[in-house]
Amino acid sequence: LWRAATWARGAAAAARAAGGSSGGGGGGGGRRRREALEDEAADLQAQGAAAGAGAGGLRAGAVERRAAEAAAGRHRGTAAGERAAAAAASPAASSPPRRQHASASLAPQLVPVLPENGTRSYRSLVYRLNFDQPLSNAGRFPVRAPGGGGAGGGVGAADVVLVVQVHDRAEHLRLLLESLRRAAGVENVLLVLSHDLWAEELNRLAAGVDFCPVLQVFFPFSIQLYPREFPGHDPRDCPRDVGKAAALRLGCINAEYPDSFGHYREARFSQTKHHWWWKLHFVWERVRALREHAGPVVFLEEDHYLAPDFYHVVKKLWALRERECPECQIVSLGTYSPVRGTFAGRADKVEMKTWKSTEHNMGMAFGRDTYQKLIECTDAFCTYDDYNWDWTLQHLTVSCLPKFWKVLVPEIPRIFHTGDCGMHHKKSCRPSTQSAKIDSLLNSNRQYLFPEAMSISKRYSMAPLSPHVKNGGWGDIRDHELCKSYRRLQ
């Protein structure tokens, strides 16, 4: 605990030493505000370490019962309402470019705000589960389960690991798990569900997985766990559109740190990038079942849907990469392009391309060597002013990584998107309707699945690709420092 707190405070001190003389017009007040924000990030890490240490005596049932009782009590107003009130009280600001809006599923009012004792109970439970790492179905899959019920060991090097980032869309997650259940070879997979929301329905879906080993981990700095303070929404935060001059007059705590478009942070946007980077590090460095894992890790999201032969194709693609394209850092299971016509003559074909975040961020697989190069770019990832993790990765491919990324992707996708209602979409979703269309497509082409061999059919001319736009939403120094701290915390 002492080391964790010391590392966090040391990072804050180093940041102050590096940036204390470059404040420009902010003067001493700006430096003091910066120091306060950095200290807040350090305190947050120390609180998290303390929560983990104190969790040992908690009984999960008691925690859930207390949290349920708390959730039934009084909830405070939404963060959106507070921002609207603050904006109404502040001077009118000009209207700089706006970031895309999240869907209703990301609205802050859907996350219940618990009384302090309930929130702390959830924090303790999350830290305990992340430390204990209980692996479900270990007895049913002894060859691939770690020894000692999660205390050590590792999965076989030939196995595939699936890591799913889960938010709050239970119906999408249910469909993803159903697609996994029908997949051949899924018993050879280790499934890691990484949550940023503790919810009974999501936990029930995870408990229903009986076809492979499954591990649930929890992002420990979620809005749910910090509803009234950073990294959630602090009532003292600046309203999104207030403008820097007005923010300085208001005295809100992050007035010195708007994004590139003059907007201030919104927790519901920031959380996704935080969760992705924490998850990346936690899976490769902290999950004991993967200590000796030398194969691919496939990164998914809750609204993805997999073909019955996805495991077969992952293995074929990985072998093809090692044999014919060792310089290809990424393997992708597909793109968002609609499939037209039959799979005939295409189901065994693979394309080699420059990795592009808007095309190849779905079912993205890479190995430990790529992870180790990526984690060396922690500072660049954590300070780039874009709240999208994938567009930030695109920036790294031309600014920090030794080489731009090359990707192998099948002509016929083995992964599909069940909902155009994520962070960048406004329309409502019917995930079951979308999954039915996907099933119909797969069933009508089932004779072309499970190809005996896969070969590279097209080698596109490749060159580095820079992001065509920076989206902002990531200008707050607290986000930078917390993001960078994930690598240091034990």
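Backbone N, Cα and C define each Cβ position, glycine as well.
Per TrEMBL, the disulphide partner of Cys400 among Cys377, Cys421, Cys429 is Cys377. Matching Asp196, Asp241, Asp369 to the substrate binding residues that TrEMBL gives (Gln165, Val166, His167, Asp168, Arg169, Gln271, Thr272, Lys273, His274, His275, Arg340) identifies Asp196.
Looking up Cys483 in TrEMBL gives a disulphide bond to a cysteine among Cys328, Cys382, Cys421, identified as Cys382. According to DSSP, Arg169 (substrate binding site) sits in a coil region rather than a helix or strand. Cβ contacts within 10 Å of Cys483 (disulfide bond), excluding its own Cβ and spanning all protein chains shown: 23.
In sequence order, the recorded positions near Asp303 (Mn(2+) binding site) (Cα within 10 Å of its Cα) are Arg169, drawn from Arg169, Cys325, Cys377.
For Cys325 (disulfide bond), the nearest neighbour among the binding-site residues His167, Arg169, His275, His417, judged by Cα separation, is His417.
Comparing Cα positions, Lys273 (substrate binding site) lies closest to Cys377 out of the recorded positions Asn117, Cys377, Cys400, His417.
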